[in-house]
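As recorded in TrEMBL, the features of this protein are as follows:
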{"type": "DOMAIN", "residues": "A:38-161", "note": "domain 'Gfo/Idh/MocA-like oxidoreductase N-terminal'"}
{"type": "DOMAIN", "residues": "A:174-289", "note": "domain 'GFO/IDH/MocA-like oxidoreductase'"}
């Protein structure tokens, strides 16, 4: 790490100039491609500790370089476990000084949803590329501010849509692109878990979560219908329900929504904190295929017309972060872009509007 | 068969008097319990030839005694295959004379949907017990006429809901009754097949079918939510779709519907002629269970929290018809009753109304 940091320090001017030079004319840029980018995790909750920290031990194009946390008590364990130097540890108060730390190329924002915007903006303003965990934020307006901040800073933004980088899900994207089994007719997906009694912010504080299961896990079903069809919906209907009035304040407990896409393609979707489902199915002119479980961190199973897809599971978060690192190194477009995160939030808002009004919402 | 017929002929007067005598006081009635009832299949289409004829070779309490058909060309094959005597073969013209044939106790109406009412009424007026294939008819008004005719004739009526007699489905009924896995929270079911290009009356003639996939196969999903929860819905929303305008005239191609039951129990349902799905899933407070495939004639697979239900498949139609024969022999209530068929048709009409108006329909 020391070598990497001292290299970056001596090359700061060149590195800043690099975007304006064509790769072929600038050998230092080529050299930069071959080194791992430093990631700082911002927010050390369950997803950071359970998934992202371990994943960053498997990444080839980036590594866990720093942490940003509002919980000082978490710091020693992270430093010990991942050999993080003191100078790469930040609080939310001194976070903006990360601008001066060349060891950090990427800030991965893993806070509660409604903190994604302020931290993404601060990270971009500090000159860092940003990965923002899903959902992008709690409103499309806030998503737009995040995109604007990253564009203004000339930094890339990825949304933590790990499944857009996962092999089973990439397979079904290819099926849609190539019409391998003919045109898609009907999609059917549900991601639910039984969390009705949960005490986490996502079950208790709508000002942080922005919504119930749709915002949290239904978003995976929504995403799957989009990349799984390679289409954009044109109209949405939805219904939301609650069985225990004093739980999940301000949030739905269960939500179903239906989407119409061009050429009569339709999707029936559901998400609930009071159920147990985890699947994505596609019926086409010539057959069907499905992933079930579809949205877990591992152990996904793909089936085509009843036969296994025979696709290996891999570390989804490592694939996602490596892809982003390569996007930065090669200045290529981000797949799980801020634009996609914003688009999804527009659909989420349409789903909530349809559920609240009982009317079909054109999108 | 000759013995059975001669027995019935010599006992006609007693047999007719039997309903007015208590079983304990009337030994002949007890004797009748031990003999197989004669079934005449009315309508010799695919379901009669592929399922009911063979099933009646496995039944213990009834047997294939006669046929009623509008296609004389089908008669020789049926007579040869099942040893059916000439006097038990009827056309639609001379069908009413079946009243004089004591070999026939039950008429099983297996015609297109919109013929169920006239043939059920004629069969009841001929003094026969009736099994009417699902859907009961194409409107609740016609269902009421069928019930009235059977009540007036003092004859029993069963709807061909084979799955109410099937072991996996009976298991989940018991789970609901006993709250084996706690209270039910969310049900999720879809029965679809790819029949969009079919030339059968059910795809081409709405005056016979009364509707598209909901009337035909979605009814199984609807039924499952009812017996699977042991509850009655209180409100329904629905959406119907069509991707190929010149197919399925007057019918939906796909339909999704959502049901609210008491205590916040909900169901998300779908049925389509342009998809491939066949499942019923239940999420409860303490776990989940599912049947998939759920609605096929055989090969059902039940799963509880990921583990097999270990329930053997059996001939569903034989179980259904034997149960009806026992109901007749013992004068006990029919499980898949006309009242249930009517109730379902009221829900079907509510689903269609909700889809057409876009509004929630209270039921």
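Any Cβ shown, glycine's included, is placed from N, Cα and C.
Given the structure is predicted, the values throughout are model-derived calculations rather than measurements.
Summarised by DSSP class, the composition of the domain 'GFO/IDH/MocA-like oxidoreductase' (A:174-289) is 33 helix, 48 strand, 35 coil. Helix, strand and coil content of the domain 'Gfo/Idh/MocA-like oxidoreductase N-terminal' (A:38-161), in residues and according to DSSP, is 57 helix, 27 strand, 40 coil.
When pLDDT is averaged over the domain 'GFO/IDH/MocA-like oxidoreductase' (A:174-289), the result is 97.
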